[in-house]
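> I have a structure I would like to understand better, so I am pasting it below and will then ask my questions one at a time.
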Number of protein chains: 2
Amino acid sequence: MKEIKTDILIVGAGYAGIAAAKKMHAAGKDFIIMEARDRIGGRTLTEDLASGVTVDMGAKWVGPTQHLVWEWIKETQTETYETYDQGKNLLKFKDKISSYTGTIPKIDPISLIDLGIAISKMNKLSEQISISDPWNHPRAKEYDAMTLATWMEKHIWTAKAKHLFEIGIQTVFAAEASEISLLFALFYFKSGDNMDTLISIKNGAQQSILKGGTQGLVKKIAVSFMDKIHLNEPLLKLIQNDGGVLAESPNLRIRAQKCILAIPPVLINSILFEPPLPQQKAQLYQRMPMGAAMKVYLIYPTPFWRELGFSGQIVSDEYPLKVTFDVGHADADQGVLLVFVEGNDARNFIDLAEDVRKKMIIERVEKIFGHQASTPMQYIDKCWTEEVYSRGCYTGLMGPNTLTQFGHQIRTPFQHVHFAGTETAEKWSGYLDGAISSGYRAASEVLK
Amino acid sequence: MKEIKTDILIVGAGYAGIAAAKKMHAAGKDFIIMEARDRIGGRTLTEDLASGVTVDMGAKWVGPTQHLVWEWIKETQTETYETYDQGKNLLKFKDKISSYTGTIPKIDPISLIDLGIAISKMNKLSEQISISDPWNHPRAKEYDAMTLATWMEKHIWTAKAKHLFEIGIQTVFAAEASEISLLFALFYFKSGDNMDTLISIKNGAQQSILKGGTQGLVKKIAVSFMDKIHLNEPLLKLIQNDGGVLAESPNLRIRAQKCILAIPPVLINSILFEPPLPQQKAQLYQRMPMGAAMKVYLIYPTPFWRELGFSGQIVSDEYPLKVTFDVGHADADQGVLLVFVEGNDARNFIDLAEDVRKKMIIERVEKIFGHQASTPMQYIDKCWTEEVYSRGCYTGLMGPNTLTQFGHQIRTPFQHVHFAGTETAEKWSGYLDGAISSGYRAASEVLK
């Protein structure tokens, strides 16, 4: 087995690992990156389709307050464009289709008020939460003993508002409201400014799209140290002693003084630690399951819906199509419709055969946009629960009793091992920006 | 690396794995057991203390309806005795100590009625749940969207009843009511008959104790095929093709036609599967975190509390001592007091230094039993969250949205791989009896 020595070992070449490596590189440090996959980028994956369109099968957008991503964008002179957001949005609810503009669908006044109050309550509650120690909020125990679904049951009164709120939650978390604790939801909203920001295009988390995709960006950042990255090397064993760490993959042994683990929390369970992880950390990583996000693209010869006066944004109650976006450039020839399938829908939908999935999605879109939608040039989908080295997307979730009992362990180093990954971020946890800041933080711990 | 061929590979030498092996052995099949630890028994661990007393540091009791364990007890002519249950039990609540008999402490009539109604409601709800498909109950979605803590908040009105109910939950699940979904709790109660059975000594899950301990029993069962067990071989990789499986540990490769995984669900995350696990199964095993059970024994020269007219059973509100039992034989010279520390208490308590833990526990017992309690011959404790190859005890728990979305996957084979372990049992899930039945079921799937 090949053995290499280095000062700092970084495990994982996603945004967090590459961010840590960038700092090491700038500081002139000796480092190596160990990556399980045959590619870098982690939960970003940009594909150039046969139809000539470039799509992000993983993380896609950048919001205006995600400053660290914008630094990378500027540094690499990456072009961006804003998500198409003109014309009317469409709401399909119980076989009725109605149009609206803005983020909140046009529904009956009672439901609309109900929905508005719920979002406003959520924002007020999350505003009080500290992103560095949410477990210290005076009512943390109470908020962390219930699911977000329980809160919704209590605070949302109309079926329509509940349904729309739920779609918002599925889109933000790639999970069900029943899977996450209220406290975790409040932390997550605050971490990304507030619920409004997370569900919005304009001034929100879905505002800007990168030409060349998000994986394209991280590839540009990594270009000056690609020779330090060892692909196809899943970390199986991590031994620590006074002198440092010994990391083993099936083909490689790496000795280092320090190690940064920049992988999803659930994958930490798959490493054999010697000595074992402290028990609270070990219990924590059993309690951060990944959400289920599926991205579906329909590529059309033209964005025909624009000519019909539609934005391409749909909110629908019909499984599996809940939310769509037009993610093509404003001047694009081709129409690029992105369909989100999230949470339990994604888990169930991906188990169908591909031709069945394609047929179902196209039928749903056709019902709303009419006959022109029936013949896309291309259908492509991806469910991240099938990715062995992510085990789901977007992020590691927390059910009840996790943040309050184990949350304080999330950034705690273990001897020579430091922990990065978007789940460890205070700001923009679960997003690319959080991944970058987590890599920077872990790097600064190691460089201290 | 050593390579062995066999027909059937069993991974894990706990009760489930040994039960499967017993069936294979009886059927004259060619099999091998691969065990990560240097011992068999899994979540059972029997120790002969210097003080001459034998104690179970893991699973301990057998209830009267755990028929499969009783079959093993009879087959091996193992002696048992009943848990000491004479004299007065003691309740310490807000610095007042009162005595009572039976399972339910003597509290004020309002709290007593409140507690009685809550337990009765729980029993009625769980009575309606099918243990083979709890996810098909008409209200399954609703019960699985909330935590058990939310149900308690709604249905228990007095602080004292809530507190006592909570101690019952911690003792039954080794977890907090906030960690588990209501549906999972109902399934678990029904699986073990009902809540009354699970919290009781007489006719309950804490009725009988094995001389020689529960690990002693499984050792006797395994004695005729100990040569088939390979210790110290943690399974790292499991490759499947048309012909069967190839299992790899650091030192061993085993080729087999079929494989039975008889390990805690969370440990399935640590195996690299080729091809990967089906995504719903992969998501399930991210969502079955282990509880936190700690067993503490105080050994005294005599069971002095018996002479004072006490049973040795304490229910207390003072961290970390919540529940105790006298687990010595009725005729024993020495006093054996078993203290349970469970859930978050266990996770926090084990992080203290051993001398601090010892001092705290003894002080608590002394407050209740008086000065004689201050000088035990021996103090010994164990927290199962520290066990790398269990990652906690008693069992893999389910938070909200797990049983309804993923529960149906728990016994589904994956190509040549079959799944055992107490978590996969319908009857007595989480108990030794469920482990045995799960091993028998997996064996019969393989032998078919």
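Cβ atoms are placed via backbone N, Cα and C, with glycine included.
Sharing the record's features from TrEMBL:
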BINDING   A:Glu35, A:Ala36, A:Glu423  FAD binding site
BINDING   A:Phe340  substrate binding site
DOMAIN    A:16-447  domain 'Amine oxidase'
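Walk me through where these features lie, including what they touch and how far apart they are.
For A:Ala36 (FAD binding site), applying a Cβ distance below 8 Å and a minimum sequence separation of six or more within one chain yields A:Gly12, A:Asn232, A:Glu233, A:Pro234, A:Leu235, A:Ser249, A:Ile263, A:Val388, A:Tyr389.
The Cβ of A:Phe340 (substrate binding site) lies under 8 Å from the Cβ of A:Gln170, A:Thr171, A:Ala293, A:Met294, A:Lys295, A:Val296, A:Lys322, A:Val323, A:Thr324, A:Phe325, each on the same chain and at least six residues away in sequence.
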> In terms of DSSP three-state secondary structure, what is the assignment for A:Ala36 (FAD binding site)?
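Where A:Ala36 (FAD binding site) sits, the three-state DSSP reduction gives coil.
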> Taking DSSP as the reference, which of helix, strand or coil describes A:Glu423 (FAD binding site)?
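Note: A:Glu423 (FAD binding site) is helical by DSSP.
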